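Taken from TrEMBL, the feature transmembrane segment covers 12-31, 333-354, 361-382, 388-412, 433-452, 464-491, 522-540, 854-873, 880-897, 903-920, 982-1007.
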Amino acid sequence: MNNLCLYAVRYKVVTLVFSTIIALGGIFSFLNIGRLEDPEFTIKEAVIHTHYPGASAKQVELEVTEPIETAIQQLKQLKEVRSISRAGVSIIFAETQEIYDKHNLPQVWDELRRKVGSVNGQLPAGCQTPIVNDDFGDVYGVLFAITGDGYDKKQLKAYAEDLRRELLTCNDVGRIDFWGLPREAVFIEIDRAKLTQLGLNPNTIFDTLKGQNSVTPAGAVQVGSEYIPFRITGDYTSIEDIANQLISGSEGSMIRLKEIARIRHDIITPAAELMCYNGKEAVAIGISTISGGNVISMGDSIDQRLQELQANTPFGINIHTITSQSKIVEKSVSGFVSNLISAVAIVILLLVVFMGWREGIIIGFVLILTIFATLMVMKSYGITLQRISLGALIIALGMLVDNAIVVTEGIIIKMRQGIGREEAADQSVKETMWPLLGATIIAILAFAAISLSKDMTGEWLASLFQVICISLGLSWFFAITTVPCFCVMILPVPKNNGKKKHSQRFFKYYKTIVGKAIDHRWLTLTGVIGLLVVAVWGFSHVKQDFMPDTNRSQFTVDIWMPQGTHINSTEKQLEQVEKYVARLEGVQNISGFIGRGPLRFLLTFSPEMPDSAYAQLLIDVDDFRRVPELKKNIQQYLDKEVPQVIGSVDAFKLGPGGGAVIARLSGPETKILRNLAGQVKKIMAENPNSRSIRTDWGNQIKVSKVDFADLRAQGLGISRPEIGSSIAMNFTGSVVGQYRHRDDLLPIILRPPKKQRNNIDFFDEVQVFSQAKNKWVPVQQVTNRKITGVEDSVIHRLNQKRTLRVLCKQREGTTDALFRQLSPIIEKKLKLPPGYNLEWGGEHEEQIEANTKLMSNFPIAFAGMFLVTVLLFNSLRYPLIIFMGLPLVVVGVAPGMLIADKAFGFMAMLGFLSLFGMLIKNEIVLLDQIKAELADGKEPFTAVVESSASRIRPVTMATFTTVLGMIPLLTDAFFSPMAATIMGGLSFATLLTLFVVPVFFSTLFSVRRPGVKHF
């Protein structure tokens, strides 16, 4: 391996050309590498939708959800099964275990489909075939709102569909979906009295329309050598065709449909979802990027295509950008690159000041070369530029120069001893390459715990370890090749030969203090223990959190109306809130989504499931620094001025995890669960810092129950489904056929006029047609009475147990702080009956799971570090000294977090663990020098003190470059807790290391100052 050094030094042209190629390759890679806002991670969840029209939530749960859950729960690949049973629909979420990644998930989903398919025969009559959706995690990084002055929703829909066809051809576009498109239908509206008067059977209309518009096989005939099929025309091609359809009346008469009905093509009401943009009706179009694609390139391609289409865009149609990941990524990457350049400049300036301009230029050039080479490797392995990978480069920045500093320092010392340039380079590399390799491996292993974590957080942060591993490995390679070459070429021959004496005043003071610390070793060690105790106490004053809020200049306002609220009422309530928000300073645009959450436009954002009582505002502001104050003002407005709704104003979170305190109650009886939830809500409400308190079951809803009179109905030949169909037709309408319009197949719906179907007083006028008697029968004859009652509108289950969640959020501070206040009180006061359980979910559960995974993997990395130190020193006492010094990192972390006012969360925890690798690296440099001087036969006490003094510059320089290189990250919301942890921990730990490690060494190796008694 040492031949590499000599080769690089002797074949300077090759080294220079190689460096130039790497620099050019790095620039090319930077310009062409994929760019994203956040790293991709796999949503390991599939959703199973099953529609069961007419069934209550409880019927759906027992007849549909439970059989499907029972079947899929047999799959060993599944980690968790959650379900939502609503009136008429079952939604089941199947989450796989963490060991399954995007490569083997398709096979898991195939097995899931087979299991779901095996249940079809067990589902009740009238239940539709379950649909498995494994694209649940698609991210639509570009989201547009389309509005049009003077255009209705149907026209907006038509334009959106045309636009979709145009944009599908743009670069790197993966998938395009819509949000808020109206559902269209052909309506046949017949007065129920006229239908009865004419003696028309609705089934006659149904059969006629279905038969006329159905595809009918007509066979084929051989004509010569050809086989020609017959095609029967006559299906409906216009609304006029339907209007002219002849219907058989009573006594054989024929009536045109338009003579007895009003026929029109219109939008189905109530809508399933509604959208507005700055108060105007709108529809949304979302665009996702292909896997591994360049979101900036896609955004530029879309912008160019929209510009080309501008001339043909109908007057009045406007396309508004709700969110554009390409612009966010471009800004984010530019910001990070700016931070990276700042960090590089800080490090080079530090090197120039403390080592000399030639040394600074050499190490700075190698640093830049390492970054270029890292970019090349990243591109070749498909690692994109995003928040995590760019942050990893900045984190690694200070460590990247460590190896180069040690090698350069060694060459300078050898040259001062009168050794020739090439020989000095050769000897320096020979002496340091293996210790530096070991130290580099240890620094890499400190971040390995995150790569071993297979949960969502581990996958999301995977590029952190990958980039640090690549860059540190390359830094070691360049330190033993390029650095010696440039040192030989650039460094001058020192004027003074002979060994440098550490006679400067600073070094004298340092050696005196170290000597005294060794002399009074037990006092020194007692002081260190005291510092550790104080540091641990200081942690009690550090805020705790999981993931911080983003610096995104957007935030959300969520509104939950009482369950059963009509979507139009939810829309009116949202309009009131929107008008207030629009008046606030700094608010630019407001997108409103009613009926369900928007398309997933951010990887860490989870849209709300369909619910007519739910709405969300997505608010754009001119500066993200306004978000906290706006959040506070809007939340106060919701609580005081709109108390009839549950409102929650939130910024977006960085990384996986929720932002709520969630008490999860499970048990068999819904009534008891609701009672327990009421107790939990009351306790939450008593805390002044709690807000947005709600349950995911909501309130029970009113239902109108009709008792079926079995005997009377059977005597008239009327069945229960026929009564249900008649009631449905008289209010919501019944589908009696289909009509093809453009690319859509629209339902043909038979129903009464609006004044009859929207008035419950008309219920008693409902008529049921008896096929057996061939006459209309009043619904009162086949039913006993109509009762207004209540029932659950939604039932949630977790792993086949009914589970009700109670949620709340904090007004100020962190979620963890609120959890610590609420959880002991709830656990103490809540009396759980047998068979009922309380668990904590939300951010607390995510944090515990992520930290547990991280900590469970760290022993493996820790063992690897220990093994490397044993291999380096061929001793157990040296590794013991190194690992005795690790607790010193604790001393500086608490002050660092408190001074920076940062919360100790997952990223801070990761930074804390990575400190071990950084500190071990410094300790290896120090102990290796002590070992070398002892091998030269120097007196032990002198060897310890002199070696410690000789390693002040490389150790402190390595620390300063790492700490100062972190400064740009202090302004980043995501990395600032990690930066504060590393800056505080490494600064104090290094300071203590220079004094305490010599004491540890002297204690274990019984090193004493000659003639001095120790105590």
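From the backbone N, Cα and C atoms, a Cβ is placed for every residue, glycine too.
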When counting Cβ pairs under 8 Å to the transmembrane segment (333-354), the leader among 361-382, 388-412, 522-540, 854-873, 903-920: 388-412
Surrounding residues of the transmembrane segment (12-31) on its own chain - C-beta under 8 Å, 6+ positions past either end: 368-369, 371-376, 378-379, 385, 481-482, 485, 488-489
Stretch among 361-382, 433-452, 464-491, 522-540 sharing the most Cβ pairs under 8 Å with the transmembrane segment (388-412): 464-491
Cβ contacts under 8 Å made by the transmembrane segment (854-873) with residues that lie 6+ beyond its boundaries: 434-435, 438, 441-442, 445-446, 448-450, 452-453, 458, 879, 882-883, 906, 909-910, 913, 916-917, 920, 924, 927-928, 931
